[in-house]
Each structure stands twice: as structure tokens, then as C-alpha cells.
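As written in Swiss-Prot, here are the features:
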- His57: active site (ACT_SITE)
- His108: active site, proton acceptor (ACT_SITE)
- Tyr60, Lys104, Asn531, Gly568: ATP binding site (BINDING)
- Glu106, Asn569: Mg(2+) 1 binding site (BINDING)
- Ser107, His108, Asn109, His110, Arg129, Gln271, Glu343, Ser344, Gln345, Ser571: substrate binding site (BINDING)
- Asp130, Asp299: Mg(2+) 2 binding site (BINDING)
- 245-259: compositional bias 'Gly residues' (COMPBIAS)
- 1-23: region 'Disordered' (REGION)
- 245-269: region 'Disordered' (REGION)
Amino acid sequence: MTQEVDTVERAAATPGQPQPYRELGLKDDEYERIREILGRRPTDAELAMYSVMWSEHCSYKSSKVHLRYFGETTTEKMREIMLAGIGENAGVVDIGDGWAATFKVESHNHPSYIEPYQGAATGVGGIVRDIMAMGARPVAVMDQLRFGAADAPDTRRVLDGVVRGIGGYGNSLGLPNIGGETIFDASYAGNPLVNALCVGVLRKEDLKLAFASGAGNKIILFGARTGLDGIGGVSVLASETFGGDESGAGGHEAGGGAGPSRSRKKLPSVQVGDPFTEKVLIECCLELYAADLVVGIQDLGGAGLSCATSELASAGDGGMRVELEQVPLRAANMTPAEILSSESQERMCAVVTPENVDAFMEVCRKWDVLATVIGEVTDSGRLEITWHGETVVDVPPRTVAHEGPVYERPVQRPDTQDALIADTSASLPRPATGEELRATLLAMVGSPHLCSRAFITEQYDRYVRGNTVLAEYADGGVLRVDEQTGRGIAISTDASGRYTALDPYAGAQLALAEAYRNVAVTGATPVAVTNCLNFGSPEDPGVMWQFSQAVRGLADGAAALGIPVTGGNVSFYNQTGTTAILPTPVVGVLGILDNVSRRLPTAFGSEPGETLILLGDTHDEFDGSIWAEVTAGHLGGVPPKVDLEREQLLAEVLTAASRDGLVSAAHDVSEGGLIQAVVEAALAGETGCRIVLPEGFHDGTGVFVFLFSESSGRVLVAVPRTEESRFTAMCQARGLPATRIGVVDQGPEGGEPTVEVQGQFTVGIEELRRTSEGVLPGLFG
């Protein structure tokens, strides 16, 4: 060893030695609290551990007081389906027939701005390991992406790297990417959002949890070697705001520069991923689980070994001793603090009984996975870490992992909120003639907000493994879980920063309602929720008001729907200088299908001459709409009303209709309104349709409202002609508005199918396709 190690003994003897705690993200009072806990100054290694584990990213210190509301609103009935919930690596729910599903979404926002490819790739890798750590086989991924304006100079650099990173890592793992969203808005220019979701399946009896139990049990680190990449990732990169000088710099071509000047200094904080190592690690873990060789397990993600050791020890019934020099390294002369803080990817930490160590190692050798015993469980109640025989960490593990600082940040509704709400879309000029309506449709379909995402999704493998039932053009992805019975799951993620900016409580509920509805339109029964809450700086009282309102909206909404929030993630400091992103609570909903053969597609045309029926009510609701953005760059007013009872009724009707074969296709009505849903379903089915205006929408701007309103709680369904009377009777009996609005029409033989709005305009399918599919290649191709 070439440098003196800061041991516990030395720390006790040098109480006045200056320490760089502020540079590591700790505040003065936090540092003093650490000294009180230990009765001395921390060693360098202890300081590193506390700084990463007490970071905003790991400790939830600003959000914890609000997140408790999820638990307070979860009833015992809602808990019945949960096998693991908030506090575990991922939520796990019972999906029937002895099967369970686990799912979670996490952010990798700041790393994906600084080094888009690796930031996005390791975001996928990290969430996949969270799912692995529950004892499950990962089976699919989804992503929620937010970029700056599509024509902004730096958007090309970020989008290109992010999409290649997601595709490169997920495709190499053999995981289908079954859906998501890509949204463009100027507020994300210096702070893109990359939220990755993974879902896994397991038999209920195979569930694994993160705890270190049984004195004498061994701690085994397995997977990749530990290097210098990712150090400071959670304490610096994910827990502070980008400076105001960091937007818009850097190279714009793939591989052409890592971004802004200050951000270049943070490059070591971006992890480097190897999907092929992770693929082998997945198979190795599954074999270890099958042989019952694991007592407890934790992945190494944010905060690396600091997190894995402290969380395992804290959740267990004793303590832990670790010999840090046993950790396999890939960089020379790493210090204990660096080893503990490294966020090198593709690593796991397992608790194994002594008699199973040899068998564990044999499985790892079979898969060519490096595995090393680095310590053991003790009954001391402390986490002790040594370096070549000298103690460098001696702490109560709960103070590191679970008893960090908790802040009740000031919460203040912004003074600007009233003016934002008062600035409605009512004064914006509305199209009135058929020609104007047609031009409006083409402008919206041809905008980056609503155009085809095929340029992005075609870079992902959506059908690898052979169990993807719905992915392309679908509202929610559908996967087969059991090939014998056909049991499956559906999943969707949604968010609206625009609605949440206008009303955070309603915005979160609108995101929940849309994700719930998107699962329901597949024919699945929605059963559980996860989330990723992306907001600006928690030090801004206005941001904390947005956050607290969104949490309450989401929790109250889940309680109203009777489905539990199983876990989630909070990402603060998403802002550049003083400019925050649109508040973006991403909501994921999981649903169950008894048999995936009865899933409902999006595409029209599976039955000749299908009747088109609109479920739900249409109101004059354009505040926060895509129409207002595309035609006027406007954001203001009050978002659409949420009716969660109506959402439940819609789900019940759609589930029954899919079971009884009454509906041949279904599509959620959301951004862009009914006409956008019609166009998407027609393009998916490569067919045309005729739309007839219902009563009450013929005069004045009624046609515009009918076609473009973004009223919530609506679904467009295609019904076989033979089942129309049965289906409408069922809707009537249940009190669900069902309006016949047209028919699917292939057009004249040999002619081009069209979308016709009777008495208003006609547009050809090919013109719609060209308009929609040409946008992103034109910008980023």
C-alpha cells in the first residue's frame, strides 16, 4: 500500500482533521450528526458511505415525509395481492396459478445527459438487476423518455445516444422492449428524463428478499470486477442541479462529444455497462435460486458496496464483517472509499450458508461468473469493514441505510399558479371548416408530439423470447407468462408533465387513469401500480408543493381504484440553473389476463365492416392539450376532469367484452383526442374508416370538440357487426355511455383506404402515414 489508510483507530486519534464532506454532498449538520452517531470523526471510508447513502437519491430525505402517504392510504384489501412492496428492490404481486410478477421503474436522468449511451444503457441494466434480486427472471422492459424540443441543437446528441443505449443493452440481454413514451418539450432541454421499467416473473415460492441473516453465513460478491466508474453517481450526479451554463453545449453527432464543459468533469460518475456480462449473471442467478443456494441477495447499483452491505446488514438480524481487500478490482491502487463508492455495473451480493458456498461457487464457475467470499454475517449488530487487517468502517448499519436525515422542506403553492390557471385555451382560434379541421389534423399528426415513434421503436427488439403478445402500436404491452394456460400480464406507463404543471394533484391522477385505461384496453384487469416521480429541486418550495400534491393525487387515485402502489422512485434536482422541468410523475400499471389469446389489439380491420363505438363522454377540454401546444405553443388553464369510477367501469366492460368476444379492437383516447386515436388504429390495421358526427356536435365548434378534445375516461372500440347489439346492451346495463360513431371501411377495391369525417373532410391513409412517419427520420435520421 502506497498511501496511509484512514482507520477507525486513526480517526479516533485525530478528531480535528479536516474532511471534504461538503464536496461529497453532505451539509454541515449532517456531518455533525455522523460524528455524534460514531462518537468521533468518520474515517474516509465511512464518510464515503454516509455521503452516498444519505444522498437525496438513496435516502429519500426530502420526499420520505410525503411518501408515507402511500402506506397510509393502502388498505388491507389492497395489500392482499402484494407479496413485496415499498422498501424492497421492486414490488411483487400475486398474478394467480402460483405465479407472481415483479415490476419497477427507475430514473437515470442526469447520467443520460452527460453520456447518453452509457447513461441509458446502465439505466436498463440497473433496473433489470433490481428485478433479478427479487428472485425473478426479467422478461421485458419499457421506457419513458423526455427530451428537449425536437429541433433544439442538443436533442439529436442526447436522443441518439439514449435510444442506442437502451436498444444496445436490452437487445443484448434478450429482453423485449414492449412499449413506453417519447415526449419532446423545451423544459427537458438540459435535463432529459430516462425512466426505465423492467418486469419479471417468478413462482411465488421463489421470492427472494434483501437481508443478511444467520451469524456465520458468508457474504459473496459475484459478477464483474470493481472499478472507478460511477463513483459519486448518486451523491453528486443524481442529487444536485445542473448549472445554468450547461445547456446546449457539446457535440451533436453520435459519439461527438460528451456534452457541456462542466458536465465533462462528471464523466467518471457515469457507469459503464456490459450487457453480455449481465446476461450471464441473470442465468447464473436463476440457477442459484433454483438450487436454493441463496439466503438473501442485493444488487449493486447506486452507492455500490456501500448500499449492498449496509442495506443487507440493516435489514437482517445481526451485523456484518467485510474484508475489503478480497473485492476483485479492475483498477490499481483503489482506496477503500473508492471501492465502497464504486458503481461498477453487473455485480450482485449474496448471503450464503457455509455448507452451500462450494455449490454456489460451482454454479458461478459454470457460468464463468467471478465470485469471491468477502465477509460474513455476525451477531455484533454493527457493520465492520477491514482493509488488510485494519478496520476502516465500524458503524451501526441502520444509521447508514435506513436512519438518514429526514427533511420537512417548505411547501408553497407558487405565486404564478393562479395566472397559469387563468390563462386558458378558450381564446385560441379554433378550426371551423372541413378544410381547417383537415389541416389541423395533419399539423398534429406531423408534429414531433404525435408523430410515429417507429424510428425509435424499430431500434428495439420487441418480440425476442417469443412471449410478447402486444407491443407495436399497442396501448399497453402484453406478455405470456405460462405457455400451458395462456396466463399473461399487461403493463403500461404514462405521464403528462403539461397537465401536472397546471394541477399536480389532477395531473398525477390523469397519468394513473391513462396507464390504468391502457392496461384495460388490452383486456387485462389492472391490479397494481409503480411510479417514478421526476421533479425539480426540493429546495424550491414551489417544487415541493408540486411534489406533495402529485403524491397525494396518485395515492388517493390508487386507493379509489382499489389497487396498491407497490414501490417507486423519486428523482429530484431535474433542472438547469433555476429552470425546472415540467413536473413529471411517471405511473406504471400492471394487469392480469387469464388467457392472452383474448387480448384486444389496437388495429382496426380484423373483422370486415366493424362498427366504431366511443365509450365515455366528450367535453370541451383543451387546456394543456397537444392541440394548444402544436397550434399556439400554449400551456395554461385547467386539465381535463378525472372520473376514477368511470375508469373502473370502463375496465370492467372491456374485460368482460374481451372475455366474451364482443370487441375486436380497443384504443385509449388521450393526446390528440378521438381523431388521433382513429388515425393510429387505422394505420395499425392498414384500413380506412368513416366517422359520423353524433348528435350535439354538428354546430359551431362542436365538430372540433368532438374530434380533438382530450377529455379523459374514453376508449374507442371496434365491434363486429354481429355483436353490436349485445355490446351496446351490456354498456347500457352498466351505465357506460356508448356512442356509435362510424364503421371501418376498406375503401373501393383497388383504391386507397381513407379516413373520412362525414360532411367535413377526407384524408388518405398513405398521406397520414407519410406525414406521421417522416417526422423523426427527418429530424434525427
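Here the Cβ of each residue, glycine as well, is placed from N, Cα and C on the backbone.
Within the region 'Disordered' (1-23), the DSSP-based counts of helix, strand and coil residues read 6 helix, 0 strand, 17 coil. For Glu343 (substrate binding site), the spatially nearest entry among the recorded positions Tyr60, His108, Gly568, Asn569 is His108, judged by CA separation. Straight-line distance linking the Cα atoms of Asn109 (substrate binding site) and Asn569 (Mg(2+) 1 binding site), rounded to a whole number, equals 12 Å.
Rounded to the nearest whole angstrom, the C-alpha distance between Asn569 (Mg(2+) 1 binding site) and Asn531 (ATP binding site) is 6. The recorded positions shown are His57, Tyr60, Gln345; of these, the one with its CA atom nearest the CA of Glu106 (Mg(2+) 1 binding site) is His57. The subset of recorded positions (His57, Tyr60, Lys104, Ser107, His108, Gly568) lying with their Cα within 10 Å of the Cα of Asp130 (Mg(2+) 2 binding site) consists of Lys104, given in sequence order. For the ATP site, the Cβ centre of Tyr60, Lys104, Asn531, Gly568 serves as reference, and the other residues of the chain with Cβ at most 8 Å from it are Ile86, Val105, Glu106, Thr530, Cys532, Leu533, Gly567, Asn569, Val570. In the three-state DSSP classification, Asn531 (ATP binding site) falls within a strand. Within 10 Å of the Cβ of Glu106 (Mg(2+) 1 binding site) there are 24 other Cβ atoms, across all protein chains.
Each of the binding-site residues Ser107, Asn109, Glu343 was scored by how many other Cβ atoms lie within 10 Å of its Cβ, and the smallest score goes to Asn109. Annotation for Asp299 (Mg(2+) 2 binding site): same-chain Cβ neighbours under 8 Å, separated by at least 6 residues, are Asn89, Gly126, Arg129, Asp130, Met132, Ala133, Ala308, Arg347, Met348, Cys349.
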